[in-house]
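Report on one structure; see the data block that follows.
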């Protein structure tokens, strides 16, 4: 099974990923964890360029770097893990590119989608959990943190476009992408995450 978590920066996504990993470990469920960009040696080098180096990247350059990282991790990590029937847990995957580079940066949605198909080789999560919060809430959370990468320092309008992109994706693919209210308590969100995970496991014919 392949499950991904999505959300705009400041949504609480990373907190929920951490809680879900703890849940899996408590229940002795083996899993492979990946994050985007990164997850491989090549991917981590690309992550450094994308998020922390002082390069002035054009949107097209940024998109292709994300795709390069994704192509590597799909073939090096995800496909081998799925072939071994392992659970794969991703902190961001292909939907991030559509939301951030497509809707956020204004690149062609069709082009981003085509590049996603090429970079993933058609590998798609069985379940994607989108932790949704209003942009003003997310920005307040980010401002409370001391460290910000280049993407987290984008404008309010940028994150509004990204959030709208995620919501559009969820409308188009409601069976895979589930929207979770990120303004609920951390505990309530985690409960819903686990509930949706177990339902998906059941649909796929797996048990805990």
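Glycine too: its Cβ is placed from the backbone N, Cα and C atoms.
Quick look at what Swiss-Prot annotates:
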- 7, 8, 9, 10, 11, 12, 13, 14: ATP binding site (BINDING)
Conformational class of residue 11 (ATP binding site) under the three-state DSSP mapping: coil
For the ATP site built from 7, 8, 9, 10, 11, 12, 13, 14, further residues of that chain with CB within 8 A of the site's CB center: 131, 133, 138, 141, 182
Spatial neighbours of residue 12 (ATP binding site) that are distant in sequence (at least 6 apart) but have CB under 8 A: 131, 133, 141, 182, 186, 189
Sparsest-packed among the binding-site residues, when each Cβ's other Cβ atoms within 10 Å are tallied, from 7, 10: 10
For residue 8 (ATP binding site): intrachain residues, at least 6 apart, with Cβ closer than 8 Å: 99, 133, 135, 138, 159, 162, 163, 166
Binding-site residues: 11, 14 - member with fewest neighbouring CB atoms within 10 Å: 14
Cβ contacts of residue 13 (ATP binding site) (under 8 Å, same chain, 6 or more positions away): 5, 6, 7, 91, 131, 182
